[in-house]
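Trainee: Have a look at this one.
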Amino acid sequence: MSIRHFLRDDDLSPAEQAEVLALASELKRNPFARRPLEGPRGVGVIFEKNSTRTRFSFEMGIAQLGGHAVVVDGRTTQLGREETLADTGRVLSRYVDAIVWRTFEQVRLDEMSSAATVPVVNALSNEFHPCQVLADLLTLTERKGELRGRSLAYFGDGANNMAHSLLLGGVTAGLNVTIAAPPGFEPLDWVLEAARKRAAETGASVAVTNDPVAAATGADALVTDAWTSMGQEDDGLDRVGPFRPFQVNGELLAHAAPDAVVLHCLPAHRGEEITDEVIDGAHSVVWDEAENRLHAQKALLAWLLERRP
Ligand code: CP
Ligand code: NVA
């Protein structure tokens with residue numbers, strides 16, 4: 001058995017994702033049922049970008065699993081200097097039982113995980129945010145039950161980490177996923193290809209459109225995210241004008257299924273990608289979604305640690 005990492009959503013098979021989500025529900029009911037980090041054993045939690053939810057939920061979750069979180073700003077470590085990612089992975093593996101890392105390019109996670117001898121978890125990269133999508137799927141399951149055959153529509157930057165993770169993680173759960181994005185902001189081809197491959201296994205579907213109303217029509221879940229992700233502030237692209245028709249507002253929500261739910265990973269930019277009326281309204285499940293980061297990540301860590309060789 002080799003070490004299991006969680007770097008992108010399709011690192012879990014459909015059956016494995018279902019196991020993690022079931023454990024997350026169990027841990028939500030009984031927060032101290034699993035103590036795989038009793039000792040305490042350590043988990044390194046490293047941030048190269050800002051965070052509120054990920055930082056708090058991992059630190060508390062690791063404590064509830066019996067462990068100790070070493071939470072560091074990556075910019076204060078030797079990561080920002082000449083030490084290679086592989087060497088860092090080798091060294092950290094001698095101190096901690098898992099590494100949770102928020103970073104920039106996905107290849108950085110690939111490089112560290114190739115040398116680490118403990119599980120590496122992606123706490124957000126430019127390309128994927130798989131821990132968030134586990135929480136999103138837990139939230140949707142709580143509201144909708146079985147997700148197979150349900151439809152999820154995402155509005156905004158189709159090439160960002162949330163759009164990509166919703167594609168891969170969503171079809172893994174059997175959701176029919178539609179990405180509605182302005183021209184030029186569609187998902188990257190290689191992610192679409194991976195999502196279509198996974199969808200073929202689960203019977204789900206993948207669609208991309210520039211028409212927000214078509215995407216919203218009849219959808220069971222509407223999801224949005226920041227128009228400008230961390231690190232894109234100076235990319236020279238107009239990340240406001242082309243996005244306005246993709247705002248999740250009352251008018252767009254009126255096209256969705258009558259009992260549709262609205263998700264947002266947060267932080268929200270109220271008045272940009274989502275209106276106050278919607279995020280504070282009856283269809284919004286964003287606070288449960290934020291809470292579920294804790295339960296989903298505890299389940300993921302417990303699941304990965306149980307599969308150590
Ligand atoms: N959704 C999310 O990852 O939030 P933070 O950036 O606050 O961790
Ligand atoms: N797409 C956003 C998600 C923040 C949790 C970003 O990367 O900044």
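Every residue, even glycine, has its Cβ placed from backbone N, Cα and C.
From a predicted model like this one, the values you see are computed outputs, not experimental measurements.
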Trainee: Given that TrEMBL assigns Ser51, Thr52, Arg53, Thr54, Gln78, His129, Pro130, Cys131, Gln132, Cys265, Leu266, Arg293 to the carbamoyl phosphate site, pick the one from Arg4, Arg102, Arg239 that the record assigns to that site as well.
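Mentor: Of Arg4, Arg102, Arg239, Arg102 joins Ser51, Thr52, Arg53, Thr54, Gln78, His129, Pro130, Cys131, Gln132, Cys265, Leu266, Arg293 in the carbamoyl phosphate site that TrEMBL records.
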Trainee: Need a hand: TrEMBL gives Asp225, Ser229, Met230 for L-ornithine, which of Asn122, Asn161, Asn292 is also on that list?
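Mentor: It is Asn161, as the record lists it for that site.
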Trainee: Within 10 Å of His129 (carbamoyl phosphate binding site) (Cα-Cα), which of the binding-site residues Asp225, Ser229, Met230?
Mentor: none
Trainee: How many Å separate the two farthest-apart Cα atoms among the L-ornithine-binding residues Asn161, Asp225, Ser229, Met230?
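Mentor: Max Cα-Cα spread across the L-ornithine binders: 12 Å.
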Trainee: Ten-angstrom check, please: count other Cβ atoms within 10 Å of the Cβ of Gln78 (carbamoyl phosphate binding site), all chains counted.
Mentor: 12
Trainee: Do any of the binding-site residues Cys131, Asn161, Ser229, Met230, Arg293 touch ligand 1, in the sense that the CB is under 6 Å from one of its atoms?
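Mentor: The binding-site residues passing the 6 Å Cβ test: none.
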Trainee: Taking the Cα of Cys265 (carbamoyl phosphate binding site) as the centre, which of the binding-site residues listed as Asn161, Asp225, Ser229, Met230 lie within 10 Å of it?
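Mentor: Matched binding-site residues: Asp225, sequence order.
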Trainee: Using C-alpha atoms only, work out the spacing between Gln78 (carbamoyl phosphate binding site) and Asn161 (L-ornithine binding site) and round it to an integer in Å.
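Mentor: The Cα atom of Gln78 (carbamoyl phosphate binding site) is 26 Å away from the Cα atom of Asn161 (L-ornithine binding site).
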